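Asker: Quick paste of what TrEMBL says about this protein:
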ACT_SITE  Asp20  active site, proton acceptor
BINDING   Glu24, Asn25, Asp38  ATP binding site
CROSSLNK  Lys22  SUMO2 cross-link
DOMAIN    1-104  domain 'Protein kinase'
Amino acid sequence: MRQLFDGVAYMHSRDIVHRDLKLENILCIDDERIVISDFGFATRLKKNETLRELCGTPGYLSPEILRCQMYEDAPGYSHAVDEWALGVIMYTLLAGYAPFYHRS
């Protein structure tokens with residue numbers, strides 16, 4: 001998990017939001033290294049910018065992303081959506097099942 005946290009911290013330090021972090025996008029290179037893949041939804045944020053688009057995988061979507069789809073006046077989202085997805089990933093790895101149901 002440490003490598004995953006470090007990778008996300010590095011992306012965020014470069015103002016990149018992945019927006020689709022999930023187990024399937026974490027690749028094991030060998031017994032000691034992982035990489036984050038699938039940057040198809042990733043975007044670079046400008047200073048003080050927030051996003052509103054619905055993108056990502058349902059079981060990993062943060063409340064901020066969902067709120068943008070429900071309310072026109074929602075404030076948008078930024079880096080925190082990746083941190084939410086990290087929590088879902090960690091929960092899934094520790095519990096052995098996802099915290100939220102979603103259809104494949």
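Cβ atoms here come from the backbone N, Cα and C positions, even for glycine.
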Asker: Using a 10 angstroms cut-off on Cβ to Cβ distances, just flag whichever of Asp20, Glu24, Asp38 is the loneliest among these recorded positions.
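Answerer: Counting other Cβ atoms within 10 Å of each of the recorded positions Asp20, Glu24, Asp38, the minimum falls on Glu24.
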Asker: What does the structure give for the C-alpha distance between Asp20 (active site, proton acceptor) and Asp38 (ATP binding site)? Integer Å is fine.
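Answerer: Answer for this pair: 8 Å between alpha carbons.
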Asker: Using the recorded ATP site (Glu24, Asn25, Asp38) as reference, state which further residues of the same chain have their Cβ within 8 Å of the centre of those residues' Cβ atoms, listed in sequence order.
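Answerer: My list of surrounding residues reads Asp20, Leu21, Lys22, Leu23, Ile26, Ile36, Ser37.
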Asker: For Asn25 (ATP binding site), what is the secondary structure state per DSSP, taken as helix, strand or coil?
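Answerer: The three-state answer is helix.
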